[in-house]
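Features of the protein shown, as given by Swiss-Prot:
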| type | residues | note |
| --- | --- | --- |
| DOMAIN | 6-285 | domain 'CN hydrolase' |
| ACT_SITE | 46 | active site, proton acceptor |
| ACT_SITE | 128 | active site |
| ACT_SITE | 163 | active site, nucleophile |
| REGION | 339-371 | region 'Disordered' |
| COMPBIAS | 339-353 | compositional bias 'Basic and acidic residues' |
């Protein structure tokens with residue numbers, strides 16, 4: 001049975017723009033802070049490391065290239081020592097960590113999320129299935145084995161989605177069908193509605209994302225919904241402006257948009273415009289009972305699977321495949337290829353690929369204090 005009552009935290013802060021190492025250090029600092037406050041879960045925004053490339057919405061492709069190069073150089077491989085440091089921080093603080101980051105794998109960037117357990121294991125590694133609009137100039141698509149969201153934990157069934165994925169009715173239905181109880185609606189950095197100059201979809205500014213999309217997700221799914229958001233400063237505006245262009249001067253429109261909602265869609269907490277830090281909430285999973293009693297969609301008593309069904313394909317689609325010795329096709333999962341099934345800190349012999357009796361004996365001797 002999961003723990004039904006616990007504290008959780010959502011990050012509303014400015015990323016360390018174009019600086020992988022500083023971003024890792026700030027991430028670990030927040031994990032330490034949340035752990036010391038007694039939180040069992042901390043949620044970071046979309047592409048928290050190295051920040052959301054919001055400049056791509058404001059400049060031409062040619063103007064963006066120097067920023068794009070620096071952004072790629074500071075993106076985070078999921079199988080890197082930097083990620084292992086973040087995983088160790090989760091383990092040291094006995095806390096679940098939901099973190100969005102720009103993942104670089106081979107030569108492609110992905111809008112990725114990980115869910116790290118209190119033992120430092122990566123329980124889920126997912127990639128946004130379809131980058132939004134101009135994001136396609138920076139990121140690639142997720143695959144069949146990297147898009148599932150909901151994981152069974154001792155805090156309940158916890159799910160994560162990135163930005164406009166939280167509006168996707170198919171992903172929402174899938175999460176409901178998987179029994180999601182706690183949801184991380186990870187958002188990037190958004191301008192306020194006062195910045196609009198032309199007729200534009202309402203969801204292209206922060207207020208609807210914070211005050212319409214996110215509570216609608218909470219209500220429709222009956223989940224505790226944490227919506228971490230990035231922030232911007234005057235210095236951040238300068239860093240995100242190509243050379244030769246005048247940066248914006250007022251960052252306030254980008255700030256104050258993080259939210260936490262109850263399973264009935266009611267607001268728990270939102271920050272002031274100048275707040276930078278952690279928003280806390282005391283979660284009680286039993287609060288979802290009445291919302292679920294009225295509307296258990298997708299997999300429960302308020303749906304008709306004999307009439308409406310969702311087809312899901314979680315297979316990885318390979319560009320290159322190899323024939324196996326039995327005449328079939330050899331395949332592998334993204335998790336396996338990136339080493340996410342291996343222990344965080346395996347014994348030295350295992351890290352060098354040596355597995356056998358000698359290695360087992362050495363481990364036993366180390367445990368006994370002989371080495």
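Every residue gets a Cβ built from N, Cα and C, even glycine.
The Cβ of the residue listed as 'active site, nucleophile' lies under 8 Å from the Cβ of 46, 111, 128, 132, 186, 187, 188, 209, each on the same chain and at least six residues away in sequence. The residue listed as 'active site, nucleophile' falls within a helical segment according to DSSP. According to DSSP, the residue listed as 'active site' sits in a coil region rather than a helix or strand. When Cβ atoms from all protein chains are considered, those within 10 Å of residue 128 (active site) total 26, not counting its own. For the residue listed as 'active site, proton acceptor', the Cβ neighbour count at a 10 Å cut-off comes to 29, with all displayed protein chains included.
Summed and averaged per residue, pLDDT over the domain 'CN hydrolase' (6-285) gives 96.
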